[in-house]
Amino acid sequence: MASLRLRGNPLLSSSSILSLCLLSLLSIATSTDTITSDSSLSGTNQKLISAQGKFALGFYQPTSSSNWYIAIWYNTISVQTPVFIANRNAPLTDPATSQLTIGTDGNLVLINGSKTEVWSTNVSGINPSNKTQAVLDDNGNLVLSYVSNTSNVLWQSIDNPTDTWLPGGKLGLNKTTGISQRLISWKSSTDPAEGIYSLLLDPNGTSQYFIQWNKTEGYWTSGTWSETQRIFTLVPEMTENFVYNFTYVSNSQENYFTYSIKSGTNVTSRFIMDHNGQIQQQNWVDTTQQWILFWSQPRQTCQVYALCGPYGSCNENGLPYCNCLQGFTQKSQSDYSMEDYSGGCVRKTKLQCESSDPTKVPQDKFYVLYNMKLPNNSQSMQVNSAAECESACLKSCSCSAYSYKSRCNLWYGGLLNLQDGYTSSDGGTLYLRLAASEFSASKSNKGLIIGTIVGSIVVILFFIVVVMCVMKRRRDQRAARLLKESRGTLIAFRYDDLQYVTKNFSEKLGGGAFGSVYKGLLPDSTAIAVKRLDGFHQGEKQFRAEVSTIGTIQHVNLVRLIGFCSEASCRLLVYEYMPNSSLDTKLFNTRDALLNWSTRYQIALGTARGLAYLHEKCRDCIIHCDIKPENILLDDNFVPKVADFGLSKLLGRDFSRVLTTMRGTRGYLAPEWITGVPITPKADVFSYGMMLFELISGHRNNSDQGDGKLWGTGFFPSFAARKLIEGDVQTLLDQKLNGEAPIQELERACKVACWCIQDDETSRPTMGQVVQILEGILEVNTPPMPISLRVMGESPDYINFFSDMSSSATSKTQSTSAASSLVKNSS
């Protein structure tokens, strides 16, 4: 229970003070959601709690920060999640000497230890003869009003949002003052100060929302409001299956948008303007005790404008997303560590023209960057060759890069919005201007360096070789002894042994939200894959117990766990190495050999067998929770093996944090993840169905057919469900296969995939049934189109939302009747 500090008057008698103390104690006992002119809030042990205990207000300190803030957060959620921060741009250093109180002018004010006002509700015209109070409501709203007339709201936090938009809050434009209510991101994941990304209603008066960078550059829009459909035209999730009621209000005083959660829907949800430039909808899942990302725009992180700052390049498949270009280094390492990339990168070496004596410095050169998304704001000029374009850039000291493709494009100053590995038509080759020394040292410098170190190398080389040989021999002997003694059981590796067999983790095979994977080679020439778990907080005893359980699970379609390492804070898992990498690299990479239908079908069947074993054959049912092509590995014979099973159990609550940040996972998550119902093996069935669609088409579900043509609505499962009902499954097959697939197998796979993604989990088959259907033991009926996909069909222009996330749960009546008609006797 929060306690409130009584502010005494030195002129009062002791009896008056005693009376006031008793009144204050009585007030504390009966109401902890209110601050009045006779009370204040100070210190970390005091807080306000709303009447039903849903929200709390008090002093808040972000993770890894020494600063303190007055914040409102969810009181019933285990993860402290602020929804409003009053003094976000004026942090406190000591909450014990700071006070939140009603000021002499009737405003709610925050005073620091120096008795300086650092924040105020700043309402003008408050009647000084009427006392005011601040009350924390159960919707997370802090309301300042007169004590005698609480309906006269003077100020409320819900109309002054920071980065979070709560149900009931306004987000709009005051036409009289021209002031907009906008969401402004945090500066970084640990710094709630105003960042550079904001969501706001179009200040020009149209009924659409923009996301802006630095309050100048817009890079996403919601589309205009449709009053007849009651949706924004580019936000299809605002349809009949959405769990919110949205309302758009436009009058002579203001335009604004608000929303409420539909009655009967038990979900805790919020919209936030993330510090990485995305507007996100996050839902709290009680079963995992974490926030799950349900929806975000822009869909791809690298579509966020200037995410990586000047001279930073974004990679959608990389962790972190941002890296500096060749010849540049991070402007602020501390900001990068807090996921604040906006500062970008700076040159390691000055250009020739920036030197104090340019005549003594070699002429600048250009570093070639292939497959780049070119920056905005280029200046074009007509030249006859690439050499002339390069020469034109060198003539201006501020020219930082050029490209040449039929015409010359020059860029001046910091390069923004770069993206590498970009293969779309608007990409190209960028020639980046660097100092000549970034390419190679001069001959004189080389000679000096060689002369300096060659003697040292000769002297110490022998000793280095001897030490390395001794260390190698000892490690080989130790590793060989471990392999011999293990006899099929899990091997407990030492960290330095894994560091040695992976060549100091130099050959990276891939990475994801769980951590990075590196290739290694044991002394007996056994190739291994070492996964280093990131952000792991489990104790060693529990870790070893869980790993021991996972190690006993063996199946031909499951990746075998060879061993583990648990030293200090390091947690590593050692798996058998899969030479053909993961399914996504073979299925979506046009440079690799085409997977024929027979191989695809066997991959689908083998994956189903592996999942069926986890669900139905293990002593304790294991739910994978993250089925997608990236987690299906292929051996040298293209036998599929499910990877990362058991990590949901191993990571515990940390697994939910991982799911929240996984970009590729969202398109495979079942509706249960965001409706709050318990997660069952049917969640894996849904993900498997989404992946099976991609095996059939050879493309991501939200991509085109490979020739620029969209799948009807732009979402392949919706297109496939409709074609399946029409009996036209041949059009669903990957065009690169030229129709070479048995029609019965193709139809069977399409039906299974569509049954797997039914909205209601009771309508989905078990993985054991999936295996029997794919084997031809059971026949399967044509499934109904899930209502979430039907909505897509009715709105063919809307292709944003469902490519990122499946719809929320829908009509139970239809799904239940459909469940009874899933499988029919083969006889």
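Quick reminder: no glycine exception, Cβ is built from N, Cα and C everywhere.
These figures come from a predicted structure and were not determined experimentally.
Range with TrEMBL annotation region 'Disordered', chosen from 88-107, 348-367, 808-827, is 808-827.
Note on K531 (ATP binding site): other Cβ atoms within 10 Å of its Cβ, all shown chains, come to 24. For the domain 'Apple' (353-435), the DSSP-based tally of helix, strand and coil residues reads 14 helix, 34 strand, 35 coil. On the 0 to 100 pLDDT scale, the domain 'Apple' (353-435) averages 90 in the predicted structure.
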